[in-house]
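If you check TrEMBL, you get these features:
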TRANSMEM  62-80  transmembrane segment
TRANSMEM  136-154  transmembrane segment
TRANSMEM  160-178  transmembrane segment
TRANSMEM  190-210  transmembrane segment
TRANSMEM  247-269  transmembrane segment
TRANSMEM  289-307  transmembrane segment
Amino acid sequence: MIVIFIGALQVGQTGLRHPRVAIRAATGSTSDNSLHFGVTSDTRRLKQFPPPYLLETPVHDLALHILLFLFAAAFLAGFIDSIAGGGGMITIPAMLIAGIPPLETLGTNKLQSLFGSGSASIAYARHGHVNLREQLPMALMSAAGAVLGALLATVVPADVLEAVLPFLLIGIALYFGFKPNIGDLDKHRRLSVFLFTITFVPLIGLYDGVFGPGTGSFFMLGFVSLAGYGILKATAHTKFLNFGSNIGAFFVFLLSGVVLWKIGLTMGVGQFLGAQVGSRYAMAKGAKIIKPLLVVVSIALAIRLLADPEYPLRIWLRL
């Protein structure tokens, strides 16, 4: 499970628009075979994973032990994602290992992730860390930005975003790792709630629609550095905005017919339970656990991109 966590990227709405980037980010695969709707499992893509995980049976007939494996992966992902994001680094490789086709993996991942982000949002709200009704406009702005990003995704050069992203993530890790006064208490806000809602939130939502990986880290950075939130409050609000953008992305995949309900709902239960445990752990430990885990997740995302043989800067510089 640790190998799965380190070896892949959180993938957002980019899957339908940039499936090569999404799957390659999650698995390290450089193959572009069968990335279209209605594909069947491409075993060549999964040859790096030995039996018994490489399946030759249809994904609708997955054995019980494979469903249990996916449930466990989703539970772990829900736990980590509810604290620091990055759950897709676990769930996407797990589904690919199980032999699920790439686009179905991305669509089903959005279904099961709804349970995790929704579960975490409810848990944080019940303990007073986020007011869901008051933050609804912010979530809607995030969703609107994501929709616009999805519409613009075909004209935005994904390679440029992919080239810059690792350095942004490393910067976020350094900020949270070395800034001494980041704790659970709110600080002086640099932007009003209204200005933050109409500027930063839709901007990150736009990024989520165009590309996706690292969205939670960017929301955390904004809530802490611009809105002045304490790190626990920032985590709670980030999960709610993630839930909003996930809803929009899920319907895109749903209309495209690439959601596997049996697998998604099974993993959704794991996500829900994992997020409940993770959010409660985050509320108990606060910044002591959130900060280091956020740093680890951001660095893991950056390393995954930099290690990719098709990372744009490596190609441009012929490294």
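Using N, Cα and C of the backbone, Cβ positions are placed for all residues, glycine too.
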Highest-contact recorded stretch vs the transmembrane segment (160-178), from 62-80, 136-154, 190-210, 247-269, 289-307, CB pairs under 8 Å: 289-307
The transmembrane segment (247-269) touching the transmembrane segment (62-80) per 3+ Cβ pairs under 8 Å rule: yes
Long-range environment of the transmembrane segment (190-210) - Cβ separation under 8 angstroms, sequence gap at least 6: 12-14, 17, 137-138, 141-153, 156, 158, 161, 218-219, 222, 225-228, 241, 245, 249
